[in-house]
Amino acid sequence: MKPLHYTASALALGLALMGNAQAVTTIPFWHSMEGELGKEVDSLAQRFNAENPDYKIVPTYKGNYEQNLSAGIAAFRTGNAPAILQVYEVGTATMMASKAIQPVYDVFKEAGIQFDESQFVPTVSGYYSDSKTGHLLSQPFNSSTPVLYYNKDAFKKAGLDPEQPPKTWQDLADYAAKLKASGMKCGYASGWQGRIQLENFSAWNGLPFASKNNGFDGTDAVLEFNKPEQVKHIAMLEEMNKKGDFSYVGRKDESTEKFYNGDCAMTTASSGSLANIREYAKFNYGVGMMPYDADAKDAPQNAIIGGASLWVMQGKDKETYTGVAKFLDFLAKPENAAEWHQKTGYLPITKAAYDLTREQGFYEKNPGADTATRQMLNKPPLPFTKGLRLGNMPQIRVIVDEELESVWTGKKTPQQALDTAVERGNQLLRRFEKSTKS
């Protein structure tokens with residue numbers, strides 16, 4: 001009977017091992033990172049999984065930011081939400097009002113993991129913090145600011161100094177004309193036109209985008225980006241467009257491809273576009289700060305962040321939340337946050353990641369890689385330049401795109417377009433305000 005005894009023991013051991021194998025907690029993570037950025041997300045997840053065999057982070061690309069947010073909210077309503085959802089910065093107010101989230105600080109507390117919220121760069125963490133408690137609602141991940149990318153080889157050909165990018169919008173208009181005259185198909189193009197030409201233009205030049213400190217002080221805010229300074233700026237771009245010096249190529253990041261394929265000599269785009277530019281550009285390029293308005297009294301002020309943060313969804317079990325907390329803690333560790341910053345161009349979200357990157361000599365070896373960080377820290381933010389917290393902001397951005405396109409096509413004047421955008425946008429703000437009180 002001994003063989004039977006050994007067989008039974010072996011069977012019991014095998015079943016135990018199978019049980020352990022099946023005990024791995026799967027943690028779905030929906031994101032909007034594609035191309036080189038998606039590869040780095042996968043790399044971080046694989047490394048975490050190797051170090052934490054009881055958990056398995058499963059990253060899934062769910063489309064652009066708007067698509068991912070819509071998919072996440074829809075999945076929550078049917079009880080199929082991921083554990084972690086990446087949401088862009090202007091979706092913050094929507095997520096806060098959704099009743100679909102588990103605040104990050106609660107997740108760490110319940111998991112029994114000590115987590116220092118003060119490690120994050122204040123300009124970044126302030127965007128995603130509860131204005132009442134100061135605690136993080138979501139964890140900063142891929143934060144960015146717009147920067148100016150320029151083709152140094154094209155600058156040389158046009159007789160411009162390749163080490164001196166334009167500092168003001170007035171300079172940029174002059175440079176774009178010279179670059180176009182030198183044979184470039186496109187002197188200047190912009191990605192994310194609403195975010196860069198109105199949201200960040202306003203902050204960088206010390207102007208409010210909306211009342212109530214851009215919505216941080218209440219849901220009864222109204223839009224204010226149809227003032228003379230913003231109208232003048234859009235009018236300048238309109239004139240450049242008529243001359244052929246500014247090319248409108250799309251609402252999102254289309255200008256980055258136009259830049260790295262050599263069509264456009266300059267573009268303003270996300271600092272997170274650096275990964276793809278580094279990969280695909282076949283020419284010498286530089287990274288400069290966003291231009292500012294030469295007539296703005298105290299410009300430049302500070303850039304406001306774009307990008308996204310990681311939200312934890314409600315309705316998961318304790319083991320899932322423990323795994324989520326471990327993964328978020330992993331992402332914030334200096335070596336991992338520094339790697340993400342260095343490989344992608346996104347901001348170092350923690351002070352330690354910035355210090356480590358500097359100590360490693362990365363900025364010396366890669367001039368311009370710290371441009372986005374310097375913009376963000378240029379001056380302490382004013383109450384109305386620390387970001388936007390406006391309800392229905394994704395839909396407001398669509399309205400802004402539509403109205404700016406009416407300028408580029410000659411259907412409306414800049415004043416008419418911005419007035420209409422403000423009027424239409426305020427209707428959405430009132431709808432959101434009403435929903436939060438019901």
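Including glycine, each Cβ sits where the backbone N, Cα and C put it.
Swiss-Prot lists Tyr65, Glu89, Ser144, Ser270, Gly307, Tyr346 as sn-glycerol 3-phosphate-binding residues, and of the candidates Arg397, Arg424, Arg430, Arg431 the one it assigns to that same site is Arg397. Under DSSP, Ser270 (sn-glycerol 3-phosphate binding site) is assigned to a strand (E or B) in the three-state scheme. The sn-glycerol 3-phosphate site in the record is lined by Tyr65, Glu89, Ser144, Ser270, Gly307, Tyr346, Arg397, and its two most distant CA atoms lie 22 Å apart. Here Tyr65 (sn-glycerol 3-phosphate binding site) comes close to Ser32, Val87, Tyr88, Gly91, Ala308, Pro394: these same-chain residues lie at least six apart in sequence, with C-beta atoms under 8 angstroms from its C-beta. Counting Cβ atoms from all protein chains shown, Glu89 (sn-glycerol 3-phosphate binding site) has 26 others lying within 10 Å of its own Cβ. For the recorded site, Arg397 (sn-glycerol 3-phosphate binding site), the DSSP three-state label reads helix.
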